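Some features that TrEMBL has for this protein:
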- 12-694: domain 'Myosin motor' (DOMAIN)
- Gly105, Glu106, Ser107, Gly108, Ala109, Gly110, Lys111, Thr112: ATP binding site (BINDING)
- 571-593: region 'Actin-binding' (REGION)
- 848-1022: domain 'TH1' (DOMAIN)
Amino acid sequence: MESALTARDRVGVQDFVLLENYTSEAAFIENLRKRFKENLIYTYIGSVLVSVNPYRELEIYTKNHMERYRGVNFYEVSPHIYAVADNSYRSMRTERKDQCILISGESGAGKTEASKKILQYYAVTCPASEQVQTVKDRLLQSNPVLEAFGNAKTLRNDNSSRFGKYMDIQFDFKGAPVGGHIINYLLEKSRVVHQNHGERNFHIFYQLIEGGEEDLLRRLGLERNPQQYQYLVKGNCPKVSSINDRSDWKVVRKALTVIGFNEDEVEELLNIIASVLHLGNVQYGGEEGNASITSDTQIKYLARLLGVNGAVLTEALTHKKIIAKGEELMSPLNLEQASSARDALSKAVYGRTFTWLVNKINASLTYTVRNGRYNQLICTNTTHLKFTAFIVFCSFEQFCINYCNEKLQQLFIELTLKSEQEEYESEGITWEPVQYFNNKIICDLVEEKFKGIISILDEECLRPGDASDFTFLEKLEDTVGGHPHFVTHKLADGKTRKVMGRDEFRLLHYAGEVNYNVNGFLDKNNDLLFRNLKEVMCMSENKILTQCFDREELSDKKRPETAATQFKASLAKLMEILMSKEPSYIRCIKPNDSKQSGRFDEVLIRHQVKYLGLMENLRVRRAGFAYRRRYEVFLQRYKSLCPDTWPNWQGKLADGVAILVKHLGYKPEEYKLGRSKIFIRFPKTLFATEDALETRKHSLATKLQAGWRGYSQRSKFQKLKTAAIAIQAWWRGILARRRAQRRREAADTIRRFIKGFIYRHKERCPENEYFLDYVRYSFLMKLHRNLPKNVLDKSWPTPPAALVEASEHLRKLCMQNMVWNYCKKISPEWKHQLEQKMIASEIFKDKKDNYPQSVSKLFVSTRLNGEDINPKVLQALGSEKMKYAVPVTKYDRKGYKARPRQLLLTSSSAIIIEEAKLKQRIDYGALKGISVSSLSDGLFVLHVPSDDNKQKGDVVLQSDHVIETLTKIAICADKINTININQGSIKFTVGQGKEGIIDFTPGSELLVAKAKNGHLSKHSPSSNSIS
């Protein structure tokens, strides 16, 4: 913590004890302001933590922060709520003493959040097991449940706790939380029936209405509109921007399940909550002062939800049972009395249900030992107590709260002085008595037997006659009117009377003056419920209400204790519990009333500093010495400031500290040396020491850097040198072993090779197997390097004698593989082209002179486009699909006159076209054969049957693409084997048994003419025809 002192001008001191002007309230608040502006919300007063609500989330509650404070000395790190939680936990573990953490502050100061942070810290940092995890979950989930049923929106705080809470967490001998217990104090039951303007009822009512499922609301008889219920409209504030009732409802339902509520218990609990809302809507009317219920609807809902008889409930809400001389009489109630009875029942039902809820949570947190065996170490516990600070309002509940704070202040001062005195005595330091305001006089004024305000209030509530709040005030004036801390309008001077009402009395508390309005004191203190209403509740079939309203109450003739007496007894028991524990304190401060982050309201904060007694606390703490530390801590931090203690002190710690402070020039009145600690009286002495250390750090840092760099480089060099030598030696050995291994292997190989060569012509044996394997391997590797590149490459390495057969198999496989790979790469179009070329080759290869020139020419699908064929021809073809078309020259059968024609091939026939006419159709089935010469001409003859009347004889045609045309005809007609290639001449039928002859003679140029012998003469070049 001392490391932050150098920045004290900017961020203030982390401990108010180190304030130079510690008696100045302005200096105190200025230090708070500095830290608040830097988002440093935590500050110490010795071991007391002061927390300022930042009204926004700060990144100081992560798991990393929890680990930072876990197991660390309280003053080693900056102030934090985790430090308080961890210090209490470690003290409990090491000292085996029960601990308590008291959290106090105004509404909205952050008490609820502080308790949550403590529980979260324990949940994360404490040892865990499956059973422990269940307890942790239930401890954490108890918060949203208690907040829903016990918190409400007030003018000062949107999530204000309307009850005091004492939470007891039990740990086993391992330090794991294994159980817990919660005690609630002074639930503000009056909020159920009335709220001030701008405030709300308890959260659970709004959560149920906003978040409840439609089926649930229908069963409970509720509407999704808070304005429909009298108990929710008094404050005229059904919605709050910072509260999401719908999502909070889901959280509460989940929490109830985690804590251990079954579905029946949840249903009955919600029945009670809904019944309170219905009670508020019960309306009265009547004549002559006798009240009667005007609507039966609410009574029907109440009878079903509470499990009671509707008629009996109606009578109980409109009549009062009186027992006189052993006889029971029913007295009718007027409108005011009936309304009060209804409200009293609502408060009683809700208040007792809240107590039952706390007991149910306690039952789920109860530590049960397995197999009936107890741990040898008694479970210790740490306590969290949360109460509101002083309130300068005037109700009965606030009177009780302020009385509680007086008792806590009394306890706080006593324990603080006691711990200070014990520390001084244990260290052998003379204790100087501290003057402080002892508020025992105020506590006695409130609680003294027979004479205290509570006793007078009880006496006025119990006495016969017309007792009222004003008679109570008069009784106070008569009994304690002379007390220096009590004032009323009647007893006050003229100036005070101007600011006091006639129905008020004033108490001068330790934190300031507070006025109390006596209106409602007697009613709230009595907190009575008519007997017949109790009887109705005792008859309820709701299992929760049967536990809340015990039938023994009806037979108990003793008058129940008043609310003030019950609270006084509970407080006395609480003080007894706290006195048995080691306390830690958290004081919460609200920076402004508007809940704005970053806003620091000095007037409001000065008010809280006063009411929380922080200046009194600081004064007590600073009465002696402002700073104290153990010798080892002080010497470890400041030893560098003295040559005799730097860098290490080998002697006794006390001697080392004495030499150090002598060197620093401490005056005798500035410090004292105890048995294990040094005590420094003035903060300025510590500040001067800390400033000297800050200056010294620069020279130390330079020396340390230089020394470390030299050491680091030397160490690095030595490591590198050692590593280099080791690597060199290792690598040399590796290389030598490798060379020797290679020599041995080479010698063995040469030896085996020579022996194998000698025995190479013998059968395989151990002497030649290596050689033979090598020969085979060499051939295979040579073959691998010289495989044929394509199917036309016929090269193949010569195999050794032993591998001739294998080589032939490999060659065939290789060729098959290349062919297969080549085939896989062929596209469908190219495959069709090759198939046609294969057929052409089969027909014309080595038979017709112009075939070689056609090989390189690709066959096309047709030689005529759609525009080249007359549309009438296409129309005449109809559905027949044209497969090929080519222009041809037709020679007449008689005069051999050449006529241009078109030849069309379909799937069934070959058609000769003359312009727009189908001159001749030759079915493939009727085609007897095809004749062509062996020369380079393009002339061919289609032979048809002579007895076919449709045909006039064979057809003589000439095509410039004769190879392609005849191949197409052969494929379409499936007449591959009917093409005849003739040498010299071709005979053909002219018609009616007559024959014609075509003579083919080689010539220098192409010439077609009728010879003198009547034959068709064809002169063809030997190799110039292109097809």
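Cβ coordinates are placed from backbone N, Cα and C, and glycine is handled just like the others.
TrEMBL labels come from automatic prediction, so no person has curated them.
Of all Cβ atoms in the shown protein chains, 24 besides its own fall within 10 Å of the Cβ of Glu106 (ATP binding site). Contacts of Gly110 (ATP binding site) defined by a Cβ separation under 8 A and a same-chain sequence distance of 6+ are given as Ser51, Asn53, Cys588, Lys590, in order along the sequence. For the region 'Actin-binding' (571-593), same-chain residues at least 6 beyond its ends with a Cβ under 8 Å from one of its own Cβ atoms are 32, 36, 47-55, 81, 84, 87-88, 91, 95, 97-111, 114, 156, 166, 183, 185, 383, 385, 389, 403-404, 407, 411-412, 415, 599-601, 604-605, 608-609, 612, 614.
In this view, Ala109 (ATP binding site) is surrounded by 25 other Cβ atoms within 10 Å of its Cβ, with every protein chain counted. A count of other CB atoms within 10 A of each Cβ picks out Thr112 as the most crowded of the binding-site residues Ser107, Thr112. For the domain 'Myosin motor' (12-694), the model's pLDDT averages out at 83. Sequence-distant neighbours of Gly108 (ATP binding site) (same chain, six or more apart, CB under 8 Å from its CB) are Asn53, Arg156, Asn157, Ser160, Lys590, Asp593, Lys595, listed in sequence order.
Helix, strand and coil counts under DSSP for the region 'Actin-binding' (571-593) come to 9 helix, 8 strand, 6 coil. Taking the binding-site residues Gly105, Lys111 in turn, the residue surrounded by the fewest other Cβ atoms inside 10 Å of its Cβ turns out to be Gly105.
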